[in-house]
Amino acid sequence: MKRSSSMLDINEDSQHSTNKAPPPKKAPEDRFDSANMNASGSHVTLVENLPVEKVSSGERIAILDFGAQYGKVIDRRVRELLVQSEMFPLNTTARTLIELGGFKGIIISGGPNSVFEPEAPSIDPEIFTCGLPVLGICYGFQLMNKLNGGTVTREHIREDGACEIQVDTSVHLFNGLHKTETVLLTHGDSVSEATVAPDFKVMAKSGHHVAGICNENRKLYGVQFHPEVDLTTNGTKMFENFLFKVVGCCGNFTIQNREQSCISEINSIVGDKKVLVMVSGGVDSAVCAALLRRALGPNRVTAIHIDNGFMRHEESDAVEKSLAALDLPIHRYNFGTTFRSSTEHCKDGEVALDECDDPEMKRKIIGNTFIRVKDVIMKDLNINHDEYFLAQGTLRPDLIESASALASGHADTIKTHHNDTFLVRELRKLGKVVEPLKDFHKDEVRELGKDLGLPESIVQRHPFPGPGLAIRILCASDKRPELMFNGPMYNGDVQGRIIDVTEQFLNSAINPSQGIYEHLQFEQARNNVLLSLSERDRQLAEQQTFQISAHILPIKTVGVQGDARSYSYAVALSTEQRPIPWKLLFAYASVIPKLFHGVNRVVYAFGSKIEFSIEDLTRTYLVPHIVTKLQMADHIANNILFGRVAASDGTQLPNVGHKIQQMPVVLLPVDFDRDRDMIGSYRHSIVLRPFVTSDFMTGQAAIPGVHLPEETLIEMDKAIRTNVLGISRVLLDMTCKPPGTTEWE
């Protein structure tokens with residue numbers, strides 16, 4: 001049955017309630033105390049339509065943006081060190097920078113492209129001869145080598161994740177560091193010692209790959225890794241060395257504090273009109289609402305909360321209570337049926353949300369339905385469109401991952417965010433959207449929330465995506481899935497599995513009849529992987545005696561590899577070994593995506609060793625009983641995480657929620673250990689994704705016994721399988737970001 005995408009009957013599915021807040025309190029007087037502003041308070045960027053007042057420091061760093069997912073983090077790292085930075089498009093010439101004046105150095109970002117592509121972006125070669133110090137990162141490093149006479153080669157084995165490299169500490173960039181450093185590598189193209197540009201020397205190595213080159217006389221430095229992210233342990237020190245020892249900056253850049261900048265922007269955009277803000281109850285939308293109230297007063301801000309049918313257990317009730325602290329009336333609407341029945345056009349015609357199994361289409365339907373529902377609510381509240389702006393708590397990572405022009409005209413799309421869909425972008429073009437946090441990262445928003453006086457319960461709340469549980473349910477039809485792989489490790493279409501990972505590291509027997517190693521023999525692949533490991537991991541791999549089983553799951557998840565989006569398979573590891581060999585399992589999780597380019601996520605399956613391959617999936621769509629199943633599992637897992645319930649043996653569980661930054665709970669259409677005589681798959685599995693990060697651009701999967709108590713996770717496994725009907729297995733996501741994103745979709 002065809003269903004109209006404009007079916008938004010407010011009487012069909014909506015329950016409108018208004019939380020009448022107490023009389024608004026007088027906001028404290030706004031003050032700007034530059035003497036007490038910390039380093040992270042400095043704030044400058046060249047983003048379209050962002051009127052931020054700048055105070056010139058007399059020294060600036062130019063960042064040439066090649067579309068790196070971490071491009072904005074580079075800008076942030078420089079600002080944290082009190083040096084002014086400005087972002088420019090990749091085609092900016094050296095002459096332009098010289099004529100603008102005031103630039104003391106240049107940083108070239110990474111990017112999603114390969115230097116081998118026919119139309120791969122390049123830069124003005126005079127960037128390297130203009131006399132300014134240059135730091136090239138990832139793709140910028142490869143261009144530095146190529147444009148100075150070296151070459152770059154395409155590798156069979158990717159490097160994606162935290163790796164140990166050896167560095168020359170006599171080089172200015174690495175002064176004060178250890179000879180072995182942990183860094184984030186994410187690339188498939190490489191430079192070897194034989195292909196380094198003339199007059200450049202190797203200053204860092206990762207196995208047999210070159211991880212850094214330099215010409216100190218010309219003050220040119222290039223690194224294959226990403227020093228701007230948290231996974232590079234001493235990346236800030238590297239930026240400090242470049243800015244102060246190489247470039248000669250003083251670090252005297254100060255500007256208005258964040259709060260004042262945001263308030264100034266809100267007032268300049270809104271003028272004497274009003275704002276409608278959609279509030280989810282998360283920290284981003286709460287801080288956005290608090291800023292709007294501070295800038296405009298409560299009478300010019302209308303806050304609404306939309307229950308789209310995919311909230312967590314009793315989430316909307318909790319939102320109403322927590323947002324009362326903002327002294328804003330909250331208008332609550334329930335639109336579950338409307339969202340489920342909303343449709344969008346795709347290549348196969350029109351698809352409804354509750355019949356959709358494509359993750360990108362799900363996000364687009366939800367994002368666009370939010371905008372259409374907003375119009376219905378404005379009519380219900382007698383709001384004049386011409387008198388109101390739409391406000392969103394959009395963050396910088398949202399825009400970067402959606403490849404929005406606000407963040408970078410060249411960033412590769414990782415996933416479409418519900419607050420950055422086509423309709424939202426159209427409203428931006430009309431100047432009708434206010435996004436005061438669009439230049440902020442999550443940790444910066446928390447700091448701003450504290451400055452605004454928001455309660456700890458809101459400021460430290462774990463993030464929850466706007467589309468809700470809809471993107472934590474991986475949907476599937478009952479059509480038999482086909483495993484599809486590309487690359488030198490595979491020969492055409494592969495319907496198979498990894499059978500064993502045993503005594504030798506990754507010495508697995510993958511169905512030889514499929515001819516997987518026609519282009520690359522296993523032993524060569526294994527040796528290449530071992531070369532990329534640290535000495536500790538190599539010893540662990542070669543000495544282990546555990547029996548571990550590995551199975552490819554016929555489902556795809558979103559990831560980021562080489563600064564670009566990946567949509568690849570997950571691998572499930574299992575073992576009979578007790579205690580569970582976590583160190584070894586996490587070593588596998590790091591290496592498997594390097595060996596198998598078609599894999600971007602690795603999970604551990606609690607319980608016994610998996611015996612059978614997964615040959616079909618459970619029919620799964622966004623219908624009420626499926627959503628309820630995930631709501632129950634999520635509620636159980638979070639109660640255990642925050643110590644709200646006792647363990648199965650009656651002992652009190654500790655509150656360990658503060659030890660991680662987020663824990664998505666995901667439902668998979670996968671039925672493990674199914675009776676082979678059963679006609680079809682009917683159960684689901686649950687994934688726990690505890691995640692440790694400071695900026696959500698990169699991060700580490702929480703390790704049992706290190707970040708979280710093992711007994712907490714084991715208790716989650718027991719409680720979910722006991723109390724939620726139709727659950728086959730509970731899995732632990734062991735994947736860092738990259739190669740896996742925080743969310744699975």
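The backbone N, Cα and C atoms fix where each Cβ goes, and this holds for glycine too.
Quick look at what Swiss-Prot lists:
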REGION    1-37  region 'Disordered'
DOMAIN    60-252  domain 'Glutamine amidotransferase type-1'
ACT_SITE  Cys138  active site, for GATase activity
ACT_SITE  His226  active site
ACT_SITE  Glu228  active site
DOMAIN    253-461  domain 'GMPS ATP-PPase'
BINDING   Ser280, Gly281, Gly282, Val283, Asp284, Ser285, Ala286  ATP binding site
BINDING   Arg363, Asp563, Gln662, Lys737, Glu743  substrate binding site
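Around the Cβ of Asp284 (ATP binding site), the number of neighbouring Cβ atoms within 10 Å comes to 24. Put simply, His226 (active site) is 7 Å from Cys138 (active site, for GATase activity) when counted between their Cα atoms.
Same-chain residues with CB within 8 A of the center of the Ser280, Gly281, Gly282, Val283, Asp284, Ser285, Ala286 CB atoms, the ATP site residues themselves not counted, are Val279, Val287, Cys288, Gly393, Ile458, Arg461, Phe464.
Secondary structure from DSSP puts Ala286 (ATP binding site) in a helix. The two recorded residues Lys737 (substrate binding site) and Gly282 (ATP binding site) have their Cα atoms spaced 22 Å from each other.
All protein chains included, Ser285 (ATP binding site) registers 25 other Cβ atoms within 10 Å of its own Cβ.
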